[in-house]
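In what follows, a structure is listed as structure tokens, so that the remarks can point back to it.
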Amino acid sequence: MDDTIKESAYLLSIAYLLLGLIFILLALYSIPCLWKAWKCKQFFPKIFYLFILAICCDQATYQVLYLYEVITAIKQEKDENSQTESFRIIFFQTIYVPDAIFFVIYFSLFWQFLIMMHHGRIKTGSILVGKRNWNPQQANSKVRIILYLYIIGQATVIWLFMAQGLSPKAIMICDIAVNASVPIIVIIMVLYLNIKFSGSPFVSNRYEKSNNKIQQLLWIWILLRIPQLAVNVVIVVYNDELIALMGGKLKVTFIEQLFLILFIVGDIIIVQIIPVMMAMSNSFVSALLLDHNRMNQLFSVETFSGEMNVQEQTQRQAPLKNNLRDDSLFKDLKLKDLEINDRQFFRKYNGFGEIKVATIKRDAKKYAVRIIQFKELSSFLIDETKQEIEQINNIKKGYKILWFDFNESSMYLLSKFYPNSNLNNFIHKNTGTDNQQIKDITSSYTNKQLLIRVNIASDLIKAIQNLHDQNVVHGHLNSSNVLFNDKFKLKIVDYGLRAIKKYASLVNGYANKNGFIAPECLSDKGSVVSHSAIKESDIYSFGMILYQLFTETIPFYNMPQKEIIQLVQEQQSRPKIPASLNSNIATLIRCCWQQDPVKRPNYNQILSTLKQISDSLE
């Protein structure tokens with residue numbers, strides 16, 4: 001072996017040695033993932049991580065074996081035929097065995113994705129009719145048999161290759177066939193499943209995120225089969241040259257050496273190492289091992305000592321704390337300790353509960369309790385709601401949810417009682433209060449009354465700015481979720497709780513899209529505003545509240561959602577502003593109504609305009 005060929009073999013062996021070390025580290029890192037999978041009850045995550053460990057061990061072994069064969073070739077300890085055969089086996093085992101294992105890994109991942117698509121959807125009326133009649137878990141035993149037969153078949157092919165019963169070209173042609181067919185089949189299946197379940201929402205945000213995480217890796221792995229297919233074709237065409245290069249029998253230039261090393265090593269890194277690393281990330285492990293049995297469990301609840309003792313249909317889980325405040329008044333509060341007035345307070349039932357006045361037996365103070373009725377709930381939805389409530393309570397100068405509880409049919413959210421109702425009622429009703437300022441709001445339009453309205457608008461935009469400064473966007477702000485306390489100080493409520501709102505929209509018909517909602521939010525699918533809301537969306541809603549505040553007219557009142565979307569989003573129409581309205585106020589309203597969010601005014605511009613109007617009225 002001359003110096004040039006030795007140099008070529010050394011360079012490639014160094015690259016393979018580095019790859020071997022990487023695969024050893026990946027194998028070690030995969031063991032905790034396999035341990036987590038082994039503790040879960042699901043079968044396919046176990047197979048998934050078991051074969052990831054197998055592919056890492058296989059690659060690490062063959063990288064080290066290649067280095068050993070290079071050393072023996074340089075020392076010329078083996079005859080030429082034996083040496084060539086060893087390099088042939090190592091080369092094709094490095095390519096074919098990982099592809100064979102990959103199919104098992106990918107199939108396990110795909111089947112788990114299929115199970116999640118089936119179990120992760122909400123049963124809402126007729127949405128799932130004809131879509132849940134086949135349960136993939138029921139076919140698990142048959143699928144396992146197919147998987148075992150495939151593993152036995154691949155082991156047979158590898159044994160025949162080792163025994164020289166199959167030529168390198170034959171085995172690589174089989175590999176090409178698999179790499180060409182699997183992407184086509186999976187792409188068709190994934191698209192079909194997404195279309196099939198398109199009208200069926202997920203049980204919770206966590207389930208949706210987990211599904212998206214798995215689907216993302218499915219697409220990445222399947223797209224990487226394309227370059228692997230190209231590599232396999234090259235190997236079939238140039239297999240003799242590549243084996244000669246690995247065995248140090250081919251004299252090449254440095255540039256050719258570099259190109260071939262990048263070709264072989266790059267393929268392994270892109271097609272194997274990167275996807276395996278993604279599969280072992282903490283976020284992906286959590287997504288794959290999500291317990292769909294727990295996710296879909298229905299339960300009844302008994303409260304005691306501030307804890308919820310969940311009697312589940314299939315298993316028990318850790319109790320969930322329902323007290324959200326450290327105050328001793330709420331710490332040990334039970335549902336039976338609440339005395340709820342049967343008379344509804346100020347909101348009609350809209351699918352997101354009715355609000356009633358409640359008192360705690362050991363406290364004479366009044367509270368507002370929202371009672372949301374559900375036929376069934378999942379434990380993860382309760383978890384998400386609790387997390388969102390804690391986020392709400394962390395907002396400075398925001399409204400607080402003091403306590404929450406739930407039983408087999410309802411969820412209860414306790415908050416501060418605001419005796420002066422909401423801005424919508426103040427604008428359209430001046431009875432039931434002795435507060436002279438409140439009565440002034442719906443009185444004749446003197447400068448005094450206009451000034452009160454301007455002050456309300458100033459307080460409202462400051463409250464909106466306070467939320468936005470803490471990266472909180474309301475999304476469906478309107479006059480009904482602006483409340484007043486006994487000192488006539490306003491408080492914005494009803495932001496957050498997106499998970500439970502989405503669920504309520506599906507099972508109870510709750511909707512929060514109305515004439516106050518910005519056009520960019522009306523494009524969301526479904527009847528509730530989701531993640532499309534931005535800070536400028538609240539500015540648009542503020543403009544609609546200004547319109548109602550100064551004209552005593554609810555924008556697009558009693559108009560169907562479909563018509564509102566057509567008018568606001570497609571035709572860019574807005575309510576008619578009376579000619580008698582103060583021109584500065586009318587201009588401010590129109591600025592807030594801009595179709596393009598970027599063109600809407602910011603807080604400082606709005607406050608400056610309101611101050612100018614206020615100064616002109618004094």
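Backbone N, Cα and C define each Cβ position, glycine as well.
Here's what TrEMBL has on this protein:
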- 341-617: domain 'Protein kinase' (DOMAIN)
- 12-35: transmembrane segment (TRANSMEM)
- 47-68: transmembrane segment (TRANSMEM)
- 88-114: transmembrane segment (TRANSMEM)
- 145-164: transmembrane segment (TRANSMEM)
- 170-195: transmembrane segment (TRANSMEM)
- 216-238: transmembrane segment (TRANSMEM)
- 258-290: transmembrane segment (TRANSMEM)
Non-local residues, at least 6 beyond the ends, that sit with Cβ under 8 Å of the transmembrane segment (12-35):
46, 49-50, 52-53, 56-57, 59-60, 63-64, 66-67, 70, 245-246, 257, 260-261, 264-265, 268-269, 273, 276-277, 279-280, 285
Give, as a single whole number between 0 and 100, the mean pLDDT over the domain 'Protein kinase' (341-617).
83
Per the Cβ filter (under 8 Å) with a sequence gap of at least 6 from its ends, the transmembrane segment (216-238) is approached by 95, 99, 102, 106, 109-110, 113, 169, 172-173, 175-176, 179-180, 182-183, 186-187, 190, 263, 267, 270-271, 275, 278-279, 284
Do any residues of this chain, six or more beyond the ends of the transmembrane segment (170-195), have a C-beta under 8 angstroms from a C-beta of it, and if so which?
92, 95-96, 99-100, 103, 106, 110, 113-114, 117, 157, 161, 215, 218-219, 222-223, 225-226, 228-229, 232-233, 235-236, 239
